[in-house]
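Below: the structure, in structure tokens.
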Amino acid sequence: MSQERIRRVGRRVRPPTVGEIFTALSLTLFERWGRSLAKSFEFEKLFERAGLNVHPVKYASETIALTIFSAIFSIVGFVLVFLFIPLNIIQLILGLMIAVIIPIMVFVYRLTKPYIMISNRKNSVESELPFFMAYVSTMARGGYSLEKLIERVSQLKIFSGIRLEAQRIVTHMKMFGEDPITALDRVAMNHPSTRFRDVMLGYTTTLRSGGDVVHYLETRTREVFESRMNEIRALFGRLASYLEVYTVFGVIMAIAVFIFFAVSGALTAAQAARMSPEGLESIPIDITMPALFNFLVLPMMGLAILLVTHMTQPKTPVRFAKPYTTLVTYLPVSIAVSILILILAGGIDIFMGRLGLKQVEAALLAFLGGILTISIPTWIAYRKEVKGHKGLVKSTADFLRDLSEIRKTGLSPEKCIILLSARNYKNLTPVVSRAGAALSIGLSLEEALRKALRGVKEWFTIASFRFLTDSILVGGGSPEVIDTLARFTETLSELEEETRRRMRSQVFLPYFGSAMLSSMPIIILYMLLSIANIKLTAVAPLILILSLGAAINSFLMGIIAGKVSESTVAAGFKHATILTTVSTMISIATIMVLTR
């Protein structure tokens, strides 16, 4: 019996995962260095602010191990390439730089990851703090205890960052036996958001001293709403600046560098033609630097702007999953379409080492076909998800304002909603009508609003109705609190409209830049080559790099324009589709006109 019991126990022991083996190896080899690194950068305090539940020595040891292993792999890879592939001096220097930069980037990423998490934690909490404060003040007015309030918030899906903070507080209460005030103090004390920390510590101080909690919460709620409005107004200005900066560096600087490459290629072609007066079908031009600039430097710059924009914009729990699922689904189809177009357009000779202007046009058409195959369905999927959402925030503000005014007459909240369901609130009308109809047939308020909001992807509308539901169920739906929420939502709608007007003019800049990137370098290259009586076909590889790079970066410009204007990458596929089409057609038209 004892042997059978040992066998059964042995079967339950799972083998260690790759991550666990790597952690054990890192601690075995680099624990001493890891302790020094963790102490030097104060990882313990940093991780507490970031909410990262990892031991500092473990994280530091893994960082050192990843850096050393990546250095070994990159250097070994460079040596193998150097031994088996002949490289010129430029390729040798670039390869050595890449081998050195890779471990440095790994080390820097691991060091900056906690700071990124701190920034994300701060932004997500401050985005939701006004609604959270309004929610807490309403629950406090209704007599909710602090413990019940925290447990309630920890389960609300309309919150993301605040929900995580509430879950941390619940963990301190349930696992460590702390009282709610102490647990809230502990979480707020080391929080990266100064506003959240001040509000929560003031709240716990008021609770301990026996002060007027409801008055404190309502006063701080108004202050948080007003300060958040000012922050959002300044934030939209920064987002416009990001697009302007990218347009300046991604277009003007790119055009200057493209022209430099064109002049350099023309000079190389002229020198080769002078040495061979009978003419050349093709001229050997080093395209390493143009390729690196087009396919590495400019895309990295665009991705950096995209990342900064994402970290700056307010975060909401609403996610658009359908467009990205569509993108992944159509990715294999786009590859097949690109290959098919390349074959039909006569560009298959590229893989055989023959490259002329016909092959360049075929490659551009193949790239365009692949981009359209993934971008158009993704954009359609996004439009279906946000259909009918335009002006929804403003309509929500109007509805809340009317609800607050009618509540002052003494009617019950349910009667007020039924009465308002006959009014026109534009795109919000179907939601209010469904809510009124559900209440009329006897459904509860929570069930009626849940059914009415089905399919709505606007977080401010969802949060407003969620708050409205709980404020009515617990506190009776105070007109003052609803009026505060209505004023905040109304200001948000005005900012949204103002941003849309400002972005409408900013979005045209990438279109202008795309046209310039696609045509100017080829025209200048043609003008310089015509002086030396050299055909454009002789520099087909350089033309391919310039035109394909312009198309790729036009695609990125469209993605960034959508992200800045509508706060989601999925919205950028509309601009990306148009910009890529414009860039490709201009490149092909320029080549065709110049070679007639």
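Here the Cβ of each residue, glycine as well, is placed from N, Cα and C on the backbone.
According to TrEMBL, the protein has these features:
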- 132-260: domain 'Type II secretion system protein GspF' (DOMAIN)
- 399-524: domain 'Type II secretion system protein GspF' (DOMAIN)
- 64-85: transmembrane segment (TRANSMEM)
- 91-112: transmembrane segment (TRANSMEM)
- 243-267: transmembrane segment (TRANSMEM)
- 287-308: transmembrane segment (TRANSMEM)
- 329-351: transmembrane segment (TRANSMEM)
- 363-382: transmembrane segment (TRANSMEM)
- 508-532: transmembrane segment (TRANSMEM)
- 538-561: transmembrane segment (TRANSMEM)
- 573-594: transmembrane segment (TRANSMEM)
Exercise. On the 0 to 100 scale, where does the mean pLDDT of the domain 'Type II secretion system protein GspF' (399-524) fall?
Worked result: 77
For this session: Test the contact criterion for the transmembrane segment (287-308) and the transmembrane segment (508-532): 3 or more CB pairs under 8 Å, pairs 6 or more apart in sequence, then answer yes or no.
Result: no
Seminar exercise, completed: For the transmembrane segment (329-351), the distant same-chain contacts (Cβ-Cβ under 8 Å, at least six residues beyond its ends) come to 358-359, 361-363, 365-367, 369-371, 373-374, 377-378
For this session: Return the stretch with the most CB pairs under 8 A relative to the transmembrane segment (538-561), choosing among 91-112, 363-382, 508-532, 573-594.
Result: 573-594
Problem set entry | For the domain 'Type II secretion system protein GspF' (132-260), the number of residues DSSP places in helix, strand and coil | 108 helix, 0 strand, 21 coil
For this session: Write out how many residues of the domain 'Type II secretion system protein GspF' (399-524) are helix, how many strand and how many coil, based on DSSP.
Result: 102 helix, 0 strand, 24 coil
